[in-house]
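Copied over from TrEMBL, here are the features:
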type	residues	note
DOMAIN	73-221	domain 'Nephrocystin 3-like N-terminal'
Amino acid sequence: MVRVTLPIPPAHTGNLPLYFHPDGFKHLQAHVAPTAYASQQDGDAPKCHPNTRTAILNAIMDWVLVAAMKLQWILWINGAAGAGKSAIARSVVDLCLEQQIVIARFFFFRTDPTRNTIQPVVATLVYQLIKSIPALDSIISPKIQSDPLIFKESLETQFKILIFESLRQFFEESPFEKPIVFLLDGVDECSGDDNQANVIRTITEFVAEKSVPVIVIFSSRAEPQLQMAFNSPKVDNILRRLPLDSDYRAVDDIRLFLEDSFTSIKNTHMFRSSIDANWPAPLLVQEIVDKSSNQFIYASVVIKF
């Protein structure tokens with residue numbers, strides 16, 4: 001009999017690459033999309049300009065702090081392209097971290113293949129939960145070890161086994177004072193209308209049970225398939241809608257952003273000595289504000305130009 005020795009794949013950690021690793025947490029890492037939760041990446045929307053969007057940020061954080069005591073456990077921030085949804089979402093993450101609120105997030109991005117699909121969503125959220133609450137490692141990692149192909153299962157199965165059931169067990173053993181926040185930004189940038197609706201349906205069905213203090217923030221355009229998902233009676237009963245098309249002092253915030261930006265240009269531009277101290281005239285600033293139509297992206301493009 002001829003003995004055949006198969007080559008061992010290149011070592012990434014120990015003697016096995018991460019995706020073969022018997023350690024549950026290391027196996028988990030191989031399926032995480034770091035750019036979906038890390039600090040701002042190239043092409044991402046910036047965080048809110050200082051001292052702007054305070055009205056809506058205060059409204060969101062007030063909701064986060066009292067949501068578990070109310071009926072609305074899900075928040076949908078929606079608006080047109082350029083309304084500032086992602087900037088607001090990134091600022092919310094910072095505010096939650098400052099207040100030591102556990103927030104697991106996923107920022108979808110249409111042109112980034114590592115985060116424009118549903119495949120890495122659960123692994124990325126689970127990784128953040130374990131990093132924020134180390135006690136979850138002893139609950140979740142054995143599940144991954146016992147079923148290394150768990151990340152090939154459906155989105156519903158992954159959520160159920162790795163997140164929902166794990167959080168129930170954790171809260172039974174160690175009651176948590178503050179709610180855990182899930183934030184999914186740019187849901188409309190996930191590939192496939194059915195996948196977008198599936199993410200919403202899977203998460204909201206669990207949250208609707210109110211078995212553990214978990215609240216969810218979704219951010220997206222108000223696309224028809226997403227409106228239909230949020231219009232489901234089970235979801236609508238626990239949903240708060242936050243349309244950015246409403247004012248929320250956007251006009252004042254855009255004017256402040258423009259004034260600060262023009263001041264910065266006058267102070268830092270290589271030809272600053274040639275810039276008139278009264279540039280730009282207040283009427284021109286107001287014209288930009290009016291043309292922005294409550295959309296920060298218009299003002300941002302003008303300033304970049």
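Positions of Cβ are set from backbone N, Cα and C atoms, glycine also.
Per-residue pLDDT, averaged along the domain 'Nephrocystin 3-like N-terminal' (73-221), amounts to 92 for this model. According to DSSP, the secondary structure content of the domain 'Nephrocystin 3-like N-terminal' (73-221) in residues is 81 helix, 23 strand, 45 coil.
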